[in-house]
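For reference, the structure is listed below as structure tokens.
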Amino acid sequence: MAQETNHSQVPMLCSTGCGFYGNPRTNGMCSVCYKEHLQRQNSSNGRISPPATSVSSLSESLPVQCTDGSVPEAQSTLDSTSSSMQPSPVSNQSLLSESVASSQLDSTSVDKAVPETEDLQASVSDTAQQPSEEQSKSLEKPKQKKNRCFMCRKKVGLTGFECRCGNVYCGVHRYSDVHNCSYNYKADAAEKIRKENPVVVGEKIQKI
């Protein structure tokens, strides 16, 4: 009879339609679909949520551990800040040396500034004197240009001839032999010849 019942049972497919063979023990579903079905039931009933006792125990233990570990860290940070706030002797010495050097530089700059101010005052006084001299020169009457012949007192204007003796003559009295010129032309010519033709002298023969 048992053999007949085994032969009569035909394998059935999964009731969810996934394509696998189902099992009557799992409500006609395959093993995968049955596990998913159980997970859905557990999630709907809230059985997956963790127990409150474990969460509360963890929440109580964690703050205690954090506070215990944070105390030495806070103390170490306070110690480090206090040590950093205390002035070191090396920094004090460096500050003193810098202040002394800055005071010396200030004194030298003041000493240098005094001669500079004196020089500026002297230059200002010189510049003040120069305009006064220029004004005095400008006040002097300009020399009148000679526009008349020295011999006949005729107005010559721009057509006058200025001689080397320093006088102006007309076209008639411009020659030196006419107005008895006092300029020494011979001496001037001799001087020019001396300058243009220097004397060339050979080296002296050294006697043995």
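From the backbone N, Cα and C atoms, a Cβ is placed for every residue, glycine too.
Here Swiss-Prot flags Cys14, Cys18, Cys30, Cys33 as Zn(2+) 1 binding site, drawing on sequence analysis. The feature Zn(2+) 2 binding site is assigned by Swiss-Prot to Cys149, Cys152, Cys170, His173. According to Swiss-Prot, the Zn(2+) 3 binding site annotation covers Cys163, Cys165, His179, Cys181, on the basis of sequence analysis. Taken from Swiss-Prot, the feature compositional bias 'Polar residues' covers 41-68, 95-110, 120-133. Sequence annotations record features per position, and here Swiss-Prot assigns phosphoserine to Ser49. Per Swiss-Prot, N6-acetyllysine is recorded for Lys204, and the stated evidence type is similarity to another entry. What Swiss-Prot records for 41-140 is region 'Disordered'. Residues annotated as zinc finger in Swiss-Prot: 8-42, 143-189.
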Among the binding-site residues listed here (Cys18, Cys30, Cys33, Cys149), identify the one with the smallest other-Cβ count within 10 Å.
Cys18
Please give me the recorded positions out of Cys14, Cys18, Cys30, Cys165, His179, Lys204 that lie within 10 Å of His173 (Zn(2+) 2 binding site), comparing Cα atoms only.
His179
Find the average pLDDT over the zinc finger (8-42) in the predicted model and report it.
81
